[in-house]
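One structure below.
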Amino acid sequence: MDIFLVVLVLLTIIAISNIVNRFIPFIPVPLIQVALGILAASFPQGLHFELNTELFFVLFIAPLLFNDGKRTPRAELWNLRAPILLLALGLVFATVIVGGYTIHWMIPAIPLAAAFGLAAILSPTDVVAVSALSGRVKMPKGILRLLEGEGLMNDASGLVAFKFAIAAAVTGAFSLAQAAVSFVFISLGGLLCGVVISFLIIRFRLFLRRLGMQDVTMHMLIQILTPFVIYLAAEEIGVSGILAVVAGGITHAVEQDRLESTMIKLQIVSSSTWNIILFILNGLVFVILGTQIPDVISVIFNDTAISNMKVIGYILVITFTLMLLRFLWVLFFWNGKWFFNKDQNIYKPGLRSTLLISISGVRGAVTLAGSFSIPYFLEDGTPFPERNLILFLAAGVILCTLVIATVVLPILTEKEEEDEERNKKLLTARRKLIKTALQTIKEDMNETNKTASLAVIAEYNEKMKNLRFQQYTSSNRIKKHERKVRAQGVKAEQEALMKMLERGDIPEETANVLQERFNELEILYANPFKVGLSKTRLKRLMYWIFFGEHKKPEMSILNEAGLIRATRVKTAKAAIEYLEKHKTDEHKEVFLSVITFYKQLIFRLEHSHHELKSSAHFENQKLEVKLKAVQAIRNEIQTLFEEREISRDISHELRQYINDVEAAMLEGGE
């Protein structure tokens, strides 16, 4: 019961942190969550529990890094492989050496091996904190990808270095050759293990699908279990579980499109479920981090043998050393024209960008969790030297780097984009959202909801067309092009009609009736000033096709109207085939709009002799289709935000708009 109450309190703190962030958006959510965690643990009856390092890594770090590996663009990571490796490997080992000697020189009470261990656990950067901070400021895309790639790799290298340093401190023995061989084995073994296990899981899912087992809930459960299985298996083998889940995430991303392209429901459910899981896990990581800090601080602050001001000074010196080393490392290797890769297309930051990279090296959960894994006793049974001080220094550096980044990054980064640029991004995002909605509707369309789906598709195509209008200096230009495309469709229909007449598929009378109507449509599209007259004639045509006007026997009227309908269906299909072959990227939306018109026309003609079951039933079907599309749009907004294609304020505006649209739909106004 106590564990359940603790979990409830932690989840409540996460919810409160996001509410607080709405009122003080200039403070990132992770910092608010850490502060609330500290507050919750500061009272005698507050949250007090010992952090289980192994459980923390498997429960939080594994799924978070798996998701980061899955969503980070692989091509961009590959292009930045040289700088990422220099930061994730080279800088980590440089930090261990320089930081270790600096800490030991400054605090002789900490043995050199333990100082190396502290420097090693301070070397990994927190990709979650970086993502949260970058959401508030406009950072160059190259820097963001670099920081994400570094965060995926340096957790493993830092933890491996930490493991060997602490082992040396505990046993008093250290072999550089053995450590190097073990590092290569643990790293490469972790990557290989992640790829192999992911491949086996993917094959297993494909096998289930071939057996007809396409239950979304079952496949979603397999997805959720995947990072835990990979991490635990890798650790059991003795290789890096962290690198294994990163490799597993990347492997799943490679196979994702082929696996789930035909399972649109799984895509929607997967995106929504993972968004919730990641939201909770990210929040728990920082809240738990905050709850551990008061106990760590109180031990040192209550120790009369050490000056409080002195240990605060230690924290500031260590933080400054880490940032300075990071700055010099990036500056020398980048401006040295990259002896690893001299490709001019690789992003090369200037002095300001180098400073951005240095400040963005925020430490976080991995640092604190790793430091808590330091044993209490050495091999000979004596207490581990200055363990509490090491924990305090680690916690202090985490807070210091987080606060510095929060304050300095907005100053260094560019101001918010100009209105014109912002509107352009907003327009682009809205087009992507509409395309997502259209894809969702088409994938989910069946015979039962086909009429309602086509009606909703027409509405979204109209919205897409209206967005397209906004990119032109005059809306007349796009309207004129649409008339040209419609005229091309009519021309294709005429040619198909003549071929059917020549083959003897239809009587001459039917061909004459439709040819006359096609001529009227040509005039309509060629001369917009005759719109009123043409619309009237078109209405008469549709009425005649569906109900008949001539004083002929009833069966004769029905037969003739049925033949005309069937012929028009064939000509409309010919028009669709022509437009599909001749559509251009520049006016793709216009062509799709006309094609959709023809598809709706075909459906109406084929089902004109049937009545809809009821208007209420039809509207309910439309509402169901629209709500599914809205959910897909929400998921796409989150994806665009996570991939840095839109800023936080644009994502907020889009979400608010979608909320208004959904409310209008539920009230029957949309």
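Backbone N, Cα and C atoms are what each Cβ position is placed from, and that goes for glycine too.
Now, the feature entries from Swiss-Prot:
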- 5-27: transmembrane segment (TRANSMEM)
- 46-66: transmembrane segment (TRANSMEM)
- 83-103: transmembrane segment (TRANSMEM)
- 105-125: transmembrane segment (TRANSMEM)
- 156-176: transmembrane segment (TRANSMEM)
- 182-202: transmembrane segment (TRANSMEM)
- 228-248: transmembrane segment (TRANSMEM)
- 276-296: transmembrane segment (TRANSMEM)
- 314-334: transmembrane segment (TRANSMEM)
- 355-375: transmembrane segment (TRANSMEM)
- 389-409: transmembrane segment (TRANSMEM)
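Highlighted: of the candidate stretches 5-27, 83-103, 105-125, 156-176, 389-409, 5-27 has the greatest count of Cβ pairs under 8 Å to the transmembrane segment (46-66). By the Cβ criterion (distance under 8 Å, sequence gap of 6 or more), the transmembrane segment (105-125) is counted as touching the transmembrane segment (355-375), at least 3 such pairs being found. In this chain, the transmembrane segment (276-296) touches the transmembrane segment (389-409); three or more CB pairs sit within less than 8 A of each other, excluding pairs fewer than 6 residues apart. Non-local neighbours of the transmembrane segment (314-334) in the same chain are 83, 86-87, 90-91, 94-95, 98-99, 102-103, 106-107, 122, 348-349, 351, 354-355, 357-359, 361, 393, 396-397, 400-401, 404; each lies 6+ residues outside the stretch with a CB under 8 Å from one of its CB atoms.
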